[in-house]
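Let me begin by presenting the structure, written as structure tokens, before commenting on it.
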Amino acid sequence: MKANFSLATISKNITSSLHVGFVNISSNESTFNCSHKPSDKHLDAIPVLYYIIFGVGFLVNTIVVTLFCCQKGPKKVSSIYIFNLAVADLLLLATLPLWATYYSHRYDWIFGPVMCKVFGSFLTLNMFASIFFITCMSVDRYQSVIYPFLSQRRNPWQASYIVPLVWCMACLSSLPTFYFRDVRTIEYLGVNACIMAFPPEKYAQWSAGIALMKNILGFIIPLIFIATCYFGIRKHLLKTNSYGKNRITRDQVLKMAAAVVLAFIICWLPFHVLTFLDALAWMGVINSCEVIAVIDLALPFAILLGFTNSCINPFLYCFVGNRFQQKLRRVFRVPITWLQGKRENGSCGKSSSFREMETFVS
């Protein structure tokens with residue numbers, strides 16, 4: 001499929017969308033020439049790494065979904081969020097084999113325009129859904145530790161309102177991808193690329209706008225909520241006098257809180273920094289071929305790092321808990337009741353905050 005896109009516009013778009021070099025880039029504000037064809041040797045390892053992430057992530061998230069579906073009785077609010085997070089991560093990871101093939105063919109999309117649009121939108125939708133559910137879980141954990149009495153009144157029906165809202169927000173965030181994603185022929189590279197086919201006359205504006213939207217909705221706002229909640233938990237727990245088992249539980253919670261924040265930052269910060277630099281390039285603020293080359297080289301690996309977040313989420317939110325381990329051994333029904341009774345009967349000196357803390361790490 002051919003289109004009236006300039007070589008400059010298309011070549012830069014592949015880097016922005018899924019990701020080859022910038023060639024003869026121009027915008028309304030600036031014009032500069034990076035005429036060499038970029039090396040793609042660094043892409044050789046990407047497909048293999050994608051398949052590794054797909055295999056590991058699909059396995060661990062399938063375990064989470066299976067255990068949730070097999071669980072009898074009412075579901076906890078936190079469990080509902082974990083389940084939806086695992087579903088979003090599974091759907092995101094399911095697209096990786098296609099993108100691995102895309103990389104192995106050096107950005108030559110062989111699956112047709114419909115699959116390009118569908119799987120491009122699918123990837124964006126579930127990326128946002130995963131990040132939004134991580135944010136919801138952070139708020140839920142903050143409430144359970146800071147306001148334990150109020151949090152005990154939480155019912156699954158409350159999550160039944162929040163979960164559809166989160167999925168709707170993710171769908172709305174992915175609408176530009178669904179509308180613009182298409183296959184375009186790039187004669188310079190000899191490929192049919194799956195790209196964001198913005199109107200040529202407004203290409204720079206659209207590209208910069210979408211990049212900034214990803215930064216704000218996909219990183220800045222969620223990070224504010226996540227960091228605020230977990231730093232609030234840390235501040236609250238450090239004020240609480242704790243001894244013996246309470247102290248061990250508190251330290252576990254603090255470590256988990258730090259791990260969640262650090263994992264989110266490590267996995268997504270590189271991608272969003274490069275996305276922001278890309279937006280600056282479209283706006284004409286950056287016009288250095290050297291900087292463009294760095295973005296071109298680093299973007300595939302930054303995206304790869306972002307996908308690893310879907311692999312480690314089950315470990316951060318589920319696998320470390322005692323209750324998950326009990327479920328995995330298929331003996332959780334009686335032991336959980338006994339354990340809860342033991343906690344209440346054998347810990348008269350515990351505050352409600354520390355009982356909620358034990359739920360946090362269980």
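Placement of Cβ uses the backbone N, Cα and C atoms for every residue, glycine included.
Remember, predicted model here, so these are calculated numbers, not experimental data.
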Per Swiss-Prot, Pro199 shares membrane side with Cys289: yes
Tyr102, Tyr103, Arg181, Tyr203, Lys214, Asp296 bind angiotensin II per Swiss-Prot; candidate in Asp140, Asp278 listed for that same site: Asp278
Of the residues Asn33, Asn345, the one that Swiss-Prot lists under N-linked glycosylation site: Asn33
Partner cysteine of Cys194 (disulphide bond, per Swiss-Prot) from Cys70, Cys116, Cys289, Cys311: Cys116
Per-state residue totals over the topological domain 'Cytoplasmic' (70-79) - DSSP helix, strand, coil: 4 helix, 0 strand, 6 coil
Averaged pLDDT, computed only over the residues in the topological domain 'Cytoplasmic' (320-362): 47
Contact between the transmembrane segment (114-139) and the transmembrane segment (45-69) (at least 3 Cβ pairs under 8 Å, separation 6+): no
